[in-house]
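Beneath this line is the structure, given in structure tokens, with notes to follow.
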Amino acid sequence: MNYIYKLLKGYLIAFIIFFVLTILVTCLIKFTSVPEQFSMQYLMAAMCAATLFLGIFSGRLIGKRGLLSAVGLSAVFVFLIVFGINCTYFQDLSLNSFHAPYLFPVALGGIGGIIGVNAKK
């Protein structure tokens, strides 16, 4: 049970990182001359940072098979973000909702898992 709480704590911290970076990007776009046309790339970068943290956290928590566990957890994280966005705009969740750029955060989560397993405790 303690393992599940630690895993949920990692998800919560990753969501907080994502939302803080999203708000930061939104403020940068709104109040500076940062071009709005790259907003999707900025949000992907925020998602990559959150999944990298989640991968490192889960790799250190699990201690073995960091790539597999972190890729799975990162894929669930990306799914939850896309699902939340689709629910916000009352859209159906279909295969068209998942595009190739969503593989970058999942891959970075896997790299984070490798880093987390190999990090000294």
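Cβ atoms here come from the backbone N, Cα and C positions, even for glycine.
As given in TrEMBL:
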type	residues	note
TRANSMEM	12-33	transmembrane segment
TRANSMEM	39-59	transmembrane segment
TRANSMEM	66-86	transmembrane segment
TRANSMEM	98-119	transmembrane segment
Candidate ranges 12-33, 39-59, 98-119 - greatest C-beta contact count to the transmembrane segment (66-86) (under 8 angstroms): 98-119
In the same chain, which residue numbers or ranges, 6 or more beyond the ends of the transmembrane segment (39-59), come under 8 angstroms Cβ to Cβ? 7, 10-11, 13-15, 17-18, 21-22, 25, 28-29, 66, 69-70, 73-74, 77-78, 81, 101, 104-106, 108-119
